[in-house]
Amino acid sequence: MATLTENANWGTELWDQYDNLSIHTLKGIDFLERYGHFVRDRATIESEYAYKLRRLVKNYQPKKKDEEDYQFTSCRAFKALMTEINDMAGQHEVVAEDLQANVIRELTALVKDLREERKKQLQEGQRLSQSLQTQIESLQRAKKAYDKAFKEAEKAIDGFQKADADFNLSRAEVEKHRANMAHKTQTCDQAKNEYAVQLQQTNQLQRQHFRSGLPEVFRQLQDLDEKRIKNIKNFIKGSVELERNVFPIINKCLDGVLKAADIINEKEDTLLVIEKYKSGFQPPEDFPFEDLSKGGSDSGSANNLNNIQLGSKIKDGGYTVKGTITGKAMKKRAGIFNIFGSRGKLTEVCMAIKNAAIADGKEDLSELPPNQRRKKLMQKIEELKTKVTQETAARDGLMKMKGVYEGNPALGDPRTIESQLNECSHRLEKLQQDLVRYQGYLDEVVKGIQSGNLTNSVTGSPRLLNGSSRIHRNSGGSAAEENSLSRSASDSSVTNTTLNNIKRSAPGTPQLNHGCSNSPESGLGTSHTSLHHADSDQDQYDGNHADPESEYYEADVLPAIGICRALYAFEAASEGSIPMAQDEELHLIEVDQGDGWTRVRRINGEFEEGFVPTTYIETSLFNT
């Protein structure tokens, strides 16, 4: 193989390989275009791979119902792993986009330029070759004409010589041959001169063609081919650099996967399983020995054994481990609440009390095992604390804004903030009451766990039991009890308002504290008019007057002790409360007893009194 130097070029080494160089450059450009297709398909694969990775991560994302399981370290590690895989998919998308922008686009433009440049150079080479070929053909024609003229001149000279030597010819004929010889000789000289000129021009053009014209074309084709080869090299290196640029991020993603694996702790997951499923109940006691020889022990032993056997029905919703009745089984024991008979309004009302008791049990999560109840209550308390913090910040902001408006009235009217401030304060008060209530539930659970009293029986919430114990008024009760009944009303009004407790307040009004045992919504704050209606309803359903033991207490009309004005409208949502319009003035009958409700009576119109939220009004007491 010959040694090539940097000065070697196609123009000198391959001066006669025009056709082969044309084919070679065409194949080279086709190869470059094929490489571009390869890079394009590679970018498509990277993009599809990234898409499938993202889809894979999306398909394995935890469903909402499974989010609770992702507190375990293995599940959290898997979730973190999917996050890293999603980031890796993003890096593959970067590779695909960079290949498309930095390689494929430039390569496509290069192929187009190379084809146009090659076509231009080949056309120039064809033009030079055509010019040389035309000159060569002119030379050949001149040479043929010279050959013909030379032969005719020789023939004319030979004819003259023969005629001049022949004495039989006349002088005129000899002169004729002489003139022909002179003419042919002159024509031959002209053809000779034309041939010489064409030969000189052809040689000069041929030298230019093979020494400067065609070599320049070949040099341009050589530069074109070298440019193609060099760019293939650059494109390959550029593709590698594009991938290397994402390697550090991919390595970080892989490091993140390793960190996710490191957080997996089998002991911690074991403790979480215990925390998640631990009921807090004590294991069942030993089976007692049944001594059949002793009389009177069969009943107790059988009952004890039955209680333990009944404990196995916990999955059916019948009993707990201790054999006590669960909340689910309580729904089937409607007979205990049918003490007023199968007919009449009190039967339906008492069923409402029972449903309210079950609902209250769900509110304080008493249907859950102690340990699970404690966990849920702690979560609820944290949520309430967060909301209290948010509402406190909102209230403080409104108070600051009100202070700014009061200091500079040009900025705004402070009265526009008052309604928002009252609503915010009411919401904050409601949240604080809920927080105290749930903290009480939590304290109750914690004390139960510490004392070991972990039975899961449904005993009813104290609020409901206290309320239901006031259904009948003892005729021999004290004046304090009667005063309490004047506040809490009769059994019918209590149960009616218990039914209304399920209802919600009208839209657009702040939420009231329906959980308060002294609110009208719970049936413990009804008006005198509601007491009267409850009595007449009872007579209507029973068909006769009530027994003296269950007569309802009806007090005299109380005098007004002041005037109050409604800060904003209130829609009555339950028995015992009355609606009021904004800026309406009413008589103040009874001040707030700490339950958030104030008793009022309308000034104009028919006699109507009831309870309204204390935060909705501003009061002014009469001077005594």
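Here the Cβ of each residue, glycine as well, is placed from N, Cα and C on the backbone.
Predicted automatically and left uncurated, TrEMBL annotations should be read as such.
Residues or ranges marked as coiled coil by TrEMBL: 104-208. What TrEMBL lists as compositional bias 'Polar residues' is 475-529. The annotation compositional bias 'Basic and acidic residues' is assigned in TrEMBL to 532-548. Look at TrEMBL and you will find 8-269 tagged as domain 'F-BAR'. Annotated domain 'REM-1' per TrEMBL: 366-444, in sequence order. Summarising the annotation, TrEMBL assigns domain 'SH3' to 559-622. Here TrEMBL flags 285-304, 452-548 as region 'Disordered'.
Under DSSP, the residues of the domain 'REM-1' (366-444) split into helix, strand and coil as follows: 71 helix, 0 strand, 8 coil. Secondary structure of the domain 'SH3' (559-622), assigned with DSSP and counted as helix (H, G, I), strand (E, B) and coil, comes to 3 helix, 30 strand, 31 coil. Mean pLDDT for the domain 'SH3' (559-622) in the predicted structure: 86.
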